[in-house]
Amino acid sequence: MTAPRTPRKAFGRLSLPERTYLADALRTETVGGVLLLVAAIAALVWANIPALHDSYESVSHFHFGPAALGLNLSVAHWAADGLLAIFFFVAGIELKRELVAGDLKDPKAAALPVVAALCGMVVPAVVYTVTSTAGGGSLSGWAVPTATDIAFALAVLAVIGTSLPSALRAFLLTLAVVDDLFAILIIAVFFTETLNFAALGGAVVGLAVFWLLLRKGVRGWYVYVPLGLVIWALMYNSGVHATIAGVAMGLMLRCHRREGEDHSPGEHIEHLVRPLSAGLAVPLFALFSAGVAITGGALADVFTKPETLGVVLGLVVGKTLGIFGGTWLTSRFTRASLSDDLQWADVFAVATLAGIGFTVSLLIGELAFEDDAAMTSEVKAAVLTGSLIAAALATVLLKIRNAKYRGMVAEEERDDDLSGVPDIYEEDDPAYHLRVAAIYEKKAAEHRRIAEEMESARLAEVAGGAGDEGDGPA
């Protein structure tokens, strides 16, 4: 008789290597997210103080770069096309690692974040389309509310002091990685109007050389950085968005470990480049992209114009319903059950948190309304408003369960045997139980000694008291 299959757990315990990688990656992203938040606030202040507004516009639109190479760009343009290529390079490495060593390696495990991310992009696009069509607005911004900003989401978690269990954090990170993949495809397919095939061919040749050098084991930043810059410049001049070059190079790195390796080349390079991406590239992009004029009338327009209302509803309603619905449907069809410590309310809260769309949403907003400066600013204001509402809702929902999360995180990190490895990963190791037994035996012996000393002191005190009574008057 065949034994019944144990239902697969959704949001189950991560392996120790996955947990370690996740902790390192999210630590950097959290710091970067806080810097991103600071940069966004600085941009809004800079752009909205009358005495400083003109200087913000002057700096943002200041052009520099070699015109002969078609690279005489504004500061804001350099931030969007140049610095964000670093962000997408890291996204490419993350995606490659997830495909070869992470949740996306196993088709069954991959189904949950992939379907959730896909639904989390389709539903916001539908919400925007319906809202904009009903109000007679433009459909050009349908892709704006489809993106999730993992750094901003983690910054919110850091600010409100919530410690999500590692399984939910891993889901959020994997969701963001898949989300970035779809965003890359959207940018490449829908925002490429004209192609320069000579430049595109040159970029493809450059990528082939990049791949060949990696295959041959050639090392040295002085080889890859100049080559990467050439590939980026050719991709920019081809008409394809230049950030695609970063993704392509990231995907080419080897992310599986060979025997004797502590880290794969992809993991090593990601460890070096991620702080540059999270700490410099993305905050600078935010500084020169989030500086929109905020007035009472502008905020009112966000909720009255169909395009901007579509963006807000897409982020707040579409993202939440799409991700939550996709997760629930996938769990139903794959017969996966939630981890015992989690509830569907936790998944809903994380889905709400994923409604924070900032970096990529701002980028897509600039591309979608490139020829309409006024609408670009209004859509940016809508992205900021929608992200703020999503962050506020997520804060309330997560705070309700914060005590439970703290307990789960404490249990995940408990290390009674002081081995440096959390106990939950050693429960099947006899040596772990022997170490714990030795620790408790040592503690028991110490407590017995203390008890014996206290008892001896008490008996001595009693005996002394009896002697004093015998020496008294008859």
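Cβ from N, Cα, C; glycine included.
If you look up Swiss-Prot, you'll see 31-51 (among others) marked as transmembrane segment.
Counting only same-chain residues 6+ beyond the ends of the transmembrane segment (73-93), those with a CB under 8 A from a CB of the stretch are 59-65, 177, 180-181, 184, 232, 236, 241-251, 253, 255, 266, 269-270, 273-274, 276-277, 280-282, 284-285, 287-289, 359, 363, 366. Residues or ranges marked as transmembrane segment in Swiss-Prot (evidence: sequence analysis): 73-93 (among others).
As annotated by Swiss-Prot, transmembrane segment applies to 110-130 (among others).
Marked as transmembrane segment by Swiss-Prot on the basis of sequence analysis: 141-161 (among others).
If you look up Swiss-Prot, you'll see 171-191 (among others) marked as transmembrane segment, on the strength of sequence analysis.
Taken from Swiss-Prot, the feature transmembrane segment covers 194-214 (among others). Packing against the transmembrane segment (194-214) from elsewhere in the chain are residues 223-224, 227-228, 230-231, 234-235, 237-240, 245, 248-249, 252-254, 265: each is 6 or more residues past its ends and has a CB under 8 Å from a CB in it.
As annotated by Swiss-Prot, transmembrane segment applies to 220-240 (among others).
Outside the transmembrane segment (280-300) by six or more residues, the chain places 32, 35-36, 38-40, 42-44, 46-48, 53, 56, 59-60, 75-76, 79-80, 83-84, 86-87, 151, 358-359, 362-363, 366, 377-378, 380-381, 384-385 with a CB less than 8 A from a CB of the stretch. Per Swiss-Prot, transmembrane segment is recorded for 280-300 (among others), and the stated evidence type is sequence analysis.
Per Swiss-Prot, transmembrane segment is recorded for 309-329 (among others). Same-chain neighbours of the transmembrane segment (309-329): 10, 112, 115-132, 135, 137, 141, 144-146, 148, 175, 302-303, 344, 347-348, 350-352, 354-357, 361, 365, 379, 382-383, 385-387, 389-390, 393, counting only residues six or more beyond its ends whose CB sits under 8 Å from a CB of the stretch.
Among the features that Swiss-Prot reports, transmembrane segment is placed at 347-367 (among others). Non-local neighbours of the transmembrane segment (347-367) in the same chain are 11, 36, 40, 80, 84, 87, 116, 120, 141, 143-149, 151-153, 156-157, 164, 168, 171-172, 175-176, 179-180, 183, 186-187, 191, 241, 243, 282, 285-286, 289-290, 311, 315-316, 319-324, 327-328, 338, 376, 379-380, 383-384, 386-387, 389-391, 393-394, 397-398, 401; each lies 6+ residues outside the stretch with a CB under 8 Å from one of its CB atoms.
The list of residues near the transmembrane segment (378-398) in space but at least 6 beyond its ends in sequence, with Cβ under 8 angstroms from a Cβ of it, reads 40, 44, 141, 144-145, 149, 152-153, 156-157, 160, 162, 164, 289-290, 292, 294, 298-299, 301-302, 305, 307-309, 311-316, 319-320, 345, 348-350, 352-358, 361-362, 365-366, 368-369, 405. Look at Swiss-Prot and you will find 378-398 (among others) tagged as transmembrane segment, backed by sequence analysis.
Only pairs six or more apart in sequence are counted, and the transmembrane segment (31-51) with the transmembrane segment (220-240) gives fewer than three Cβ pairs under 8 Å, not enough to call it a contact. Proximity of distant same-chain residues to the transmembrane segment (110-130), defined by a Cβ-Cβ separation under 8 Å and at least 6 residues beyond the stretch ends, is recorded for 10, 103-104, 139, 141-148, 171, 174-175, 178-179, 182-183, 310-311, 313-315, 317-319, 321-323, 325-327, 329-331, 334, 336, 351, 354.
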